[in-house]
Amino acid sequence: MIKIGDIELSSNVILAPMSDITDLEFRKLVKRFGAGLVVSEMIASRAMVVKSRQSMQKCAIVHDDPTSACVQLAGCEPNVIAEAAKMNEDMGAKIIDLNFGCPAKKVVGGYAGSALMRDEQLAAKIFEATVKAVKIPITVKMRMGWDDNTKNAPDLAKIAESSGVQMVTVHGRTRCQFYSGNADWDFIRSVKEAVKIPVIANGDITNFAKAKEALQKSGADGIMVGRGAYGKPWLVSQIAHYLKTGEEKPAPSIAEQLDIVTEHYNAILDYYGESVGVPIARKHIGWYSSGLPSSAEFRGAVNLMNDPAEVKEKIAEFYTSVMKE
């Protein structure tokens, strides 16, 4: 089983950090189904240091479970990232993950995210400063490299390991690929062979077969599920069960899904308040219903609603109609 410092994961399947997706309520839901680890959405270190309202909300954690208390930080200033890491440690975080993989223009434009893979000296300073600043484990998530000519993830993983970083996750694409093409799980094997710390494979892991193939091709210690979990908070635990037993556990029934969607919707409203929560919930409701009969009409109707009670009534009506078909 994977250990990050003294923290042992219950499975080798992890929920990826995803901006505007893996907030506290979604992480709690995925963890309850049985994820080995859940990671917060990316938080800008400088915003964290000045205690912006949004950053403080993003770093909220479940305090009684170390595997629900992993916070991901982004930035390019070693001292600022280190300070943000210490702040999160003081607030109860048990693991800090460093973002070296985000391909978004607004992130790399500030020389953060995957742009850090172009400057190994700066990367080393960030690793060293953050490891030194806290007592909790530091992990890092990266891509294969910036482009096809600079696939330096194995070298960067070595630098991370020598600096005291305790786990590396690799998305099997370069920054310049964004999300086009297919994740190169074979390449991740070169990272696994370069270091002794746990290596996690990420990218395109959306079902049982792909999870098994990603592990076999990469030789990684575990896998990280990202976009495949949209509208399927149970997928991470399903994959973990499959990898352990070979059994393909079915998704929750439609009746069970109604309960899950309703619970998640209520949790979002409680956490954010109705005025903010209703718009946030729409994307999740859309993903939950995707592929079900008449889901396009349902999503269109929900997207026009602002009354929380009306939305909840529409959710119940839709899932009840699906159960009758």
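Any Cβ shown, glycine's included, is placed from N, Cα and C.
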Binding-site annotation, Swiss-Prot, FMN: partner of P17, M18, S19, Q72, N202, G203, D204, G226, R227 in K135, K141, K312, K314: K141
Whole-number Å value for how far C102 (active site, proton donor) lies from S19 (FMN binding site) (Cα to Cα): 10
C-beta crowding around G203 (FMN binding site), within 10 angstroms: 29
Going by DSSP, is P17 (FMN binding site) sitting in a helix, a strand, or coil? coil
If you rank the binding-site residues P17, G226 by how many other Cβ atoms lie within 10 Å of their Cβ, the lowest count goes to G226
